[in-house]
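Enquirer: Take this structure first; my questions come after.
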Amino acid sequence: MSKRDFYEVLGVDRSADEREIKKAYRKLAMKYHPDRNSDDPDAEEKFKEASMAYEVLSDKEKRSAYDRMGHAAFENGMGGGGFGGAGAGNFQDIFGDIFGNFGDIFGQSRGGGGRQRRGSDLRYVIELSLEEAVRGCKKEISFTAPAPCETCDGKGAKNASDIQTCSTCGGHGQVRMQQGFFAVQQTCPNCGGSGQEIKNPCNDCHGTGVKDKSRTLEVSIPAGVDDGDRVRLAGEGEAGGAGVQNGDLYVEVRVKEHPVFKRQGADLYMDVPVSITDAALGKEVEIPTLDGKVKIKVAEGTQSGKLLRVRGKGVTPVRTTMKGDLICRIMVETPVNLTREQKDLLRQFQDTLDGDSKHHQSPKKKSFFEKLGDLFD
């Protein structure tokens, strides 16, 4: 049994109330539950340690004894008198009090007196264009995963009469391991949590009830999904085997880069190139949107980097009704590959600007040199 202070194990003060103790245990149970940490051999021990601490500190009588005597309170008569009756209680009841009916948060479902395993969840990454993600679509996906054996219909046995209640766990799927004063439940080593024994296994799947199979599914992608969103297909994951629930399939969305638009939440962004003359004189410019072409007004004297908002031309994110906007960034283009005549005309035009500085025809330039003057005065 763990010799660490139980309050330290749960990370609570000695004055913590019942609510604080339950909250601390829930956090640790979520973090270290063996079903979520199959690749971490230390997680199960930490989970047991937290469970032991909670079993004592959540019970007023046990907590009082622990506060007076520490671990010594439970080192004598652990299996019989004293606190023996309470200590022999079902650990599953403790866990159920904390998590209610949310056993499948650990990839398992609760059934009968114990908790049965379920097949593993699967992940499939699907690439969509921006248009497909915004409007929604249907996609076919193909993958190979464990599926119910067709020979035995997923039962794992040649005949239904060959399936019997597990003699080790009595059909509960779990066995209780006594650790001194505490009782901790673990998956039954005989039936693997299914609660059943197969006396005459199927020759094709060797009693597992599953075989790898290539599958093709049609997935409905809802309108408005974004990069990283997931679509859950319940029961379409890995087959759990004989008497065990299937896992789920999670289709993860990857939105391909668009040549024109970039998405940020509900809004779309795009760069709109305009010539120097159009920016200086103003012009109505036609731009693309996901709903078709629209015109925007580039006002006279518009500077490069100016943002113009087109209302309602963005995206309606999934599970919302509010549509975003299209944000247009004006990019004033400097002409290149000018002829000699064009260069001369531009110099003449520049001379007219230099001679009429009182009208501030280059506001950014004026502001820049004013700041320089303030800096070096």
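Heads up, the Cβ atoms here are built off N, Cα and C, so glycines get one too.
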Enquirer: Please identify the range among 103-127, 353-377 that Swiss-Prot labels region 'Disordered'.
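Expert: Going through 103-127, 353-377 one by one, Swiss-Prot gives region 'Disordered' for 353-377.
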Enquirer: Taking 10 A as the limit, how many CB atoms besides its own sit near the CB of C149 (Zn(2+) 1 binding site)?
Expert: 23
Enquirer: Run through the repeat 'CXXCXGXG motif' (188-195) and tell me, per DSSP, how many residues are helix, strand and coil.
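Expert: Residue counts for the repeat 'CXXCXGXG motif' (188-195) by secondary structure: 0 helix, 0 strand, 8 coil.
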Enquirer: Sort out for me which one of C152, C166 has the most neighbouring CB atoms within 10 A, since those are the binding-site residues we care about.
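Expert: Its Cβ has the most other Cβ atoms within 10 Å: C152.
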Enquirer: By Cβ distance under 8 Å, which residues at least 6 away from the ends of the repeat 'CXXCXGXG motif' (202-209) in the same chain are close to it?
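Expert: Beyond its ends, the repeat 'CXXCXGXG motif' (202-209) has Cβ neighbours at 148-152, 154-158, 239-244.
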Enquirer: Taking the Cα atoms as reference points, how far is C169 (Zn(2+) 2 binding site) from C202 (Zn(2+) 1 binding site) in Å?
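Expert: Their Cα atoms are separated by 23 Å.
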Enquirer: For the zinc finger (136-214), DSSP counts of helix, strand and coil?
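Expert: Per-class counts: 3 helix, 37 strand, 39 coil.
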